[in-house]
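The compositional bias 'Polar residues' feature in TrEMBL is assigned to 1-13, 41-56. Taken from TrEMBL, the feature compositional bias 'Low complexity' covers 23-33. For 1-58, the entry in TrEMBL reads region 'Disordered'. The transmembrane segment annotation in TrEMBL covers 98-122, 128-145, 166-184, 204-227, 239-258, 278-300, 387-406, 418-437, 449-478, 558-577.
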Amino acid sequence: MSSQFDSSSTIHANSLKRHDKQSISVNSSTSTSPFLHTDDPTQQLNHTNNSHNLTPYANRHTNKEVDMNENSIDSGKLVNGGGTGGDGNLPISDRPRFFLLVLLYLIQGVPIGLAFGSIPFLLKSGDLSYSQVGIFTLASYPYSLKLLWSPIVDSLFLKKLGRRRSWILPVQCISGLTLLYLGTKIDSLLNDLEFNLYNLTYTFFFLILLCATQDIAVDGWALTILSQKALSYASTAQTIGLNTGYFLSFTVFLAFNSPDFANSYLRSIPSEDGLITLGQYMSFWGWIYLIVTLLIFMFVPEDPLNYEKKEDVIELDDLSIRDNETGVLHTRKSALFDVYYKMWNVVKLKNVKLFIIIHLISKIAFQANEAATNLKLLDKGFSREDLAITVLIDFPFEIIFGYYSARWSTGSQPLKPWMYAYLGRILAAAIGQLLVYCFPKSGKINMTYFLFVIFQHLLGSFMSTVQFVSICAFHTQIADPSIGGTYMTTLNTLSNLGGQWPKIIVLNMIDNFTKAECIDPTNEKSFKLQPFHNCYSSNLKNQCIDAGGECNLISDGYYSTNILCIIIGLVLYYGWIKKTVIHLQSLPIGAWRVGKPTALPV
């Protein structure tokens, strides 16, 4: 899955806050979203349960105070069911709240699966160009940039509703109403994709913005809604919920939306329509959103555990928070700005600047493959239901890959697997291009070809997982304990951005490098002076056909763009990235500290 939407089809280590009865630092009041993220919301999920295999700096603390900006329970306590020991099983009393979290993450995963999965395929199936599909990818940006407003979500709330319900209730309500509205409009919008592309992009941008905000609030609520013994299951709830929602909106929806699938497996009388339309699907989930929101409002309090309030606990609505570093009391407003200030201090470090550059350029090599290979296969005639099966097969392997990746990423060289996986993803990109080139001209694929497609997906998914877990391990090792949550979330946000910004450029390059000419099959007339002579785009192609011509593909920009990305990736890797990564990996911990000397030459 990650090879598509890590790019494409994609999951996330986590660090957890502790509901502790000790002093809280200024960083806790405005903690950023506690889950680490990769390029794609699905890839984030499969790695959450591997967080205990990383090397959190929380274990290096000797201070008895809980630095909530670290946002973590000691990793050793995460392994067997929580911070107080136990047999590793989810306590019976926590099960209703655990399943509530699964449900909240599931409904959050539904719009994400549509925006990151199904809609791009429907757009390409509707004969839109790659650059037009690239425009729609802008709708996914809020999920990669939620760090920018997560301190606001963590800090501002209505006292009567509670810190998390103040955001979850209205955001889910708006999301449900948006899905219901789209349910009545989306099918007609899809009938004229070129005209409605920007409306679709704006609408889904808003929907993903809501999902990203909901994710921040639910992440935070998970840490107080579960008991101490069950805190380690917060990541499990996220993994199950988001993956299930994504799976329903991508794999299951594409299958049930396909007339071929319905006619082959579900109908006795063939029809030209799928079993369910996108409008019906979105309306159904809109009602589910509203029902779940109503149930939470009526039956689930902000703090269902009813913790006893003691003098050494800082309440959610207290206006002052003490900074562990300076001992100064801050108002909630000043604490909010303090988090942004700390983020800026992290970014200004010399070594962090080098690391940021690596984050922003290291994914260029695989962008054409991960953003366009599956779309190109669809162009060639690969069916949507076969692609859905490929993603389904890929899903359980990602969990296995995440486990072993975490084991390899421990030790003194956590980025060594990352470097190997970088070359592995380039290999997957090359194999992807070969698969597109060798697609049967008849349009009918045999089992051997299908198995190669599955292998290419698994290879790309495996390498992407190794890179993600390795980079998370390194983030955890270098994070300054005094501002750990802010430090790590800043790095992860920039890593996410590195996987997003090249997409629209690469998809535009595919269109610009593609040449197609409108020719007259009878050779009686020439179309060279007609505006539709270069007939690659769908509207010009239609004009060519209407004029009695045929649109002949001269060169396919996918091949040249993918080769160019691979070459750029190899040049960057052997020219600068490899030696810089080795250098950064060898630096002492003090070189990554805010306010400490960092003038270490590369």
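Heads up, the Cβ atoms here are built off N, Cα and C, so glycines get one too.
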**Prompt:** Is the count of Cβ pairs under 8 Å between the transmembrane segment (166-184) and the transmembrane segment (558-577), pairs 6 or more apart in sequence, 3 or more?
**Reply:** no
**Among 204-227, 239-258, 418-437, 449-478, stretch most in contact with the transmembrane segment (558-577) (C-beta, under 8 angstroms)** = 418-437
**Item:** Considering the transmembrane segment (278-300), which listed stretch of 98-122, 204-227, 239-258, 418-437, 449-478 counts the most C-beta pairs under 8 Å
**Value:** 98-122
**Request:** Could you pull out which residues elsewhere in the chain have a CB under 8 Å from any CB of the transmembrane segment (204-227), counting only those six or more residues past its ends?
**Result:** 14, 16-19, 31-35, 82, 91, 93-94, 97-98, 100-101, 104-105, 108, 111-112, 114-115, 119, 136, 138-143, 145-146, 149-150, 153-154, 163-165, 167-168, 171-172, 174-175, 178-179, 182, 233-234, 237-238, 303-305
